[in-house]
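Feature annotations, reproduced from Swiss-Prot:
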- C333: active site, nucleophile (ACT_SITE)
- H430: active site (ACT_SITE)
- 251-438: domain 'GATase cobBQ-type' (DOMAIN)
Amino acid sequence: MARAIMLQGTGSDVGKTVLVAGLCRLAANRGLTVRPFKPQNMSNNAAVADDGGEIGRAQWLQSLAARTPSSVHMNPVLLKPQSENGSQIIVQGRVFGQAKGRDYQRLKPQLLGAVLASFEKVADGADLVIVEGAGSPAEINLRAGDIANMGFATQAGVPVVLVGDIDRGGVIASLVGTHAILADADRAMISGYIINKFRGDVSLFDNGIRAIEGFTGWPCFGVVPWLSGAARLPAEDSVVLERLAKGGGGALKIAVPVLPRIANFDDLDPLRAEPDVELVFIRSGERLPADASLVVLPGSKSTISDLADLRAAGWDRDLFAHVRRGGRVIGICGGYQMLGRTVHDPLGLEGGTLETPGLALLDVETEMAPEKTVRNSHARSTEYDAPLAGYQIHLGMTRGPDCGRPSAIVDGVPDGALSANGLIMGTYLHGLFASDAYRTRLLQSFGLSGERRNYRESVDKALDEIAGELERYLDPRWLAGLVG
């Protein structure tokens, strides 16, 4: 059986995902067969695993860090929040059903078996499995039936390292408080802790380390600074949208309206990484900037609900004005569906609204259907005759006159639509901006020249940098026990 360690946090967004990715790369660089695992993830940023089916994009990134094929078993339970129907539940890559919060709590005990079975599959043939928890084990109101943190750790017998985020303040109280409220059996699973996102002179925290050990008895396995490479990794969660830069003075301004159920917004990361692009995320209450040359409508977990919110924010009027000025629009997946004349949902898959008018910027209509398209795809852009690689995760079929001008040929089949004036483009293909040739041609069409970086190589280099920084700042004795 493989060795395993689980990183749990004192809260959400403490940096567990990046630490797991960095440790996976560090172990892989030392020649180990290492695999990531997350029992339960809640995110609308999904990927298509190499063995088919959906997993969180964070686990897809961690598999990339581990230099191992991704699998649905690396994230056996994925919760995708949507509208009034609660969350869609994905189990081992396939749609299991839908449930609201309290109903899901009742489902968790029966999902534990699937989680443990997937963990066994991931561990089979591996030297090391690095597990990521969700939220915090201190949420003791959710401990009964837990599958994400201590419920999994105790059942699988995996020791836990607790991660505290010092940047947000109160890290000593967070760690000591977690120790205080955990049950004895759960507390015994914790072997030590890591301080993450430290700024400044580490020696200034020496007294803090002594205080934490005095209250908890836990050793410190390292004080990790802000990792410079982390900013070059794909965005994982909508929480990070609050921190993404607005502005920067790039020659080309691209605006992205942030809708409540935004999905797969890491599609935008390759554009955000370009130094001559100013990518701005627009929140509710803000106007779409009049000087934006391109507006991108990203994916959505609930097209109809997000379309209503788009109108409530006044962004439909902003979009119409943008197009009248000659501005361009790209809609991806749910964003593509919004650009059409009508969205039909006769089975109520997204809720109670069975039909809603779209923005009518493309002469197409979408009908939602229960069959879900989930696959990795290869394509060629018809606009720029450039190769594309990406993935599809969507419900529904889109048809109409503008589909006669497909935006791409995907897996040998026409996909998407282009308006007659060429200003509006829609596609179901996620990940198109990560295709360097396509991104280069797109930016050239706005007058930007120059050589573009290889986006996938830049992510890979960032993972190596993070692994190097962890090797520098984590306790060498602890690391030796983990990765040899």
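Cβ coordinates come from backbone N, Cα and C, glycine included.
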* Asked: Far apart in sequence but close in space: which same-chain residues, 6 or more away, have a Cβ under 8 Å from H430 (active site)?
  -> N264, D267, G299, I332, C333, G390, Y391, Q392, I393
* Rounded mean pLDDT for the residues that make up the domain 'GATase cobBQ-type' (251-438) -> 96
* Once the DSSP letters are reduced so that anything not helix or strand counts as coil, what is the residue listed as 'active site, nucleophile'? -> coil
* Asked: So for the residue listed as 'active site, nucleophile', how many other CB atoms are inside 10 Å of its CB?
  -> 27
